[in-house]
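What TrEMBL records for this protein:
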- H97: active site (ACT_SITE)
- Y14, G15, S16, Q17, R37, T42, G123: NADP(+) binding site (BINDING)
- D180, E216, E220: Mg(2+) 2 binding site (BINDING)
- D180, E184: Mg(2+) 1 binding site (BINDING)
- S241: substrate binding site (BINDING)
- 321-331: compositional bias 'Low complexity' (COMPBIAS)
- 1-171: domain 'KARI N-terminal Rossmann' (DOMAIN)
- 172-317: domain 'KARI C-terminal knotted' (DOMAIN)
- 321-341: region 'Disordered' (REGION)
Amino acid sequence: MSTASKPKIAILGYGSQGRAHALNLRDSGFDVTVGLRPGGPTEIKAKADGFAPKTPAEAVRGAELVAVLTPDMVQPQLYGETIEPNIAPGACLLFAHGFNVHYGQIAPREDLDVVLVAPKGPGALVRREYEIGRGVPSVYAVHQDKSGRAEEFALTYCAGIGGARQNAIRTTFKEETETDLFGEQAVLCGGATKLVQAGWETLVEAGYQPEVAYYECLHELKLIVDLFYEGGITRMHEFISETAQYGALTRGTYVIDDDARAQMKKILAEIQDGTFARQWIAEYAAGNANYKALKQADLEHPIEAVGKKLRANMKWLSTAPQAPAKSAAAKSARKPQPEAA
Ligand code: NAD
Ligand code: MG
């Protein structure tokens, strides 16, 4: 690694995180090269944003810091075939999620610095917050410190994407991997979607209008989450009625009861002992049949058709910033829109 205070950066992948990191780092004055498979699905986007994408191998060769922002499941092969043979001696290898290093799918070459910078939010938000002069909080970690400056590189990158404007917290690859997987499975993505679907089904099965159930169980969640985001559960209590508070305080534990807590512990145990990682790696290797079927069931859940119809009349949604197609989480994290509450 050179002594440059702003290392030359290669960004591999131009999806949710890759695009946001590349644009933010460029705007922060870094020399950024985007590495993509020629003809790949995001090449057009990178070109439209003013980058001249190189092949991943070329981008890696010219870089002092290589950020691996492709899907987790393609990273081991990409590392073995493209990164390790081309990365400069002593360069810095950066991940946005600790999965492959923590679960032993990638064993980085010994001469490299190996760091993690994980923004705690989807890429669309990482970009939007940067543009309005704010940031998404990030965590960072050092796995391998050959140069003695690995932490400095992580913090420099963190500042470049905007995450160090907020509290950058030092973590470990193990802690980031395990907490990130737990959060997305039990609370943010898995827990939240199944809570919404089950609540909606309960009302509809009891004969209530699907549209009214949609507003109650899905649409209004945004109002609550915005209050959490701004001021925690305290702020929610400041804004909801006494009746809502009393109901929440006495009935929330009907849903999140001891059984639900035991299931959360099971989720965490399967992350910690590697069961989840092995299962996901095997699923991916076998062609994702189960993953695709489960996802299709979510996409075809009747609440989706009801929501599509109702949202067609929410004119403000069509002017809101567009999240990448797959990043549903980004949509719920849009800037507060009073009309929608
Ligand atoms: P993504 O699926 O949105 O984008 C992946 C990009 O990699 C695309 O440009 C795709 O064309 C490219 N790509 C796919 N296969 C490739 C290959 N074989 N060679 C080269 N390029 C290839 O990915 P993402 O969701 O941004 O995830 C990237 C990393 O960021 C992952 O490690 C993920 O865990 C982490 N992360 C994601 C989020 C999020 O909100 N999406 C948040 C924090 C961390
Ligand atoms: Mg994650």
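Each Cβ is built from the backbone N, Cα and C atoms, and glycine gets one as well.
Shown on the structure are the features that TrEMBL records.
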{"residue": "Y14", "record": "NADP(+) binding site", "Cβ contacts under 8 Å, 6 or more apart": "A22, V34, L36, T42, E43, K45, A46, F51, P53, L69"}
{"residue": "Q17", "record": "NADP(+) binding site", "Cβ contacts under 8 Å, 6 or more apart": "L69, A96, P119, G123, V126"}
{"residue": "R37", "record": "NADP(+) binding site", "Cβ contacts under 8 Å, 6 or more apart": "E43, T55, P56"}
{"residue": "D180", "record": "Mg(2+) 2 binding site", "Cβ contacts under 8 Å, 6 or more apart": "H97, G98, A118"}
{"residue": "E184", "record": "Mg(2+) 1 binding site", "Cβ contacts under 8 Å, 6 or more apart": "G190"}
{"residue": "E216", "record": "Mg(2+) 2 binding site", "Cβ contacts under 8 Å, 6 or more apart": "G199, W200, L203"}
{"residue": "S241", "record": "substrate binding site", "Cβ contacts under 8 Å, 6 or more apart": "none"}
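In the vicinity of ligand 2, defined as a Cβ distance under 6 Å, none of the binding-site residues Y14, G15, S16, Q17, S241 are placed.
In this structure, the binding-site residues under consideration are G15, G123, and the one with the smallest number of other Cβ atoms within 10 Å of its Cβ is G15. Close contacts with ligand 1, defined as a Cβ under 6 Å from any of its atoms, occur at Y14, Q17, R37, T42 among the binding-site residues Y14, Q17, R37, T42, E184. Straight-line distance linking the Cα atoms of G15 (NADP(+) binding site) and E220 (Mg(2+) 2 binding site), rounded to a whole number, equals 29 Å. E220 (Mg(2+) 2 binding site) sits 26 Å from S16 (NADP(+) binding site), taking the CA atoms of both as reference points.
In the domain 'KARI C-terminal knotted' (172-317), the DSSP tally of helix, strand and coil residues is 125 helix, 0 strand, 21 coil.
Largest Cα-to-Cα span within the NADP(+)-binding set Y14, G15, S16, Q17, R37, T42, G123: 20 Å. Within 10 Å of the C-beta of S16 (NADP(+) binding site) we count 24 further C-beta atoms, all protein chains included. Here the domain 'KARI N-terminal Rossmann' (1-171) has a mean pLDDT of 95 out of 100.
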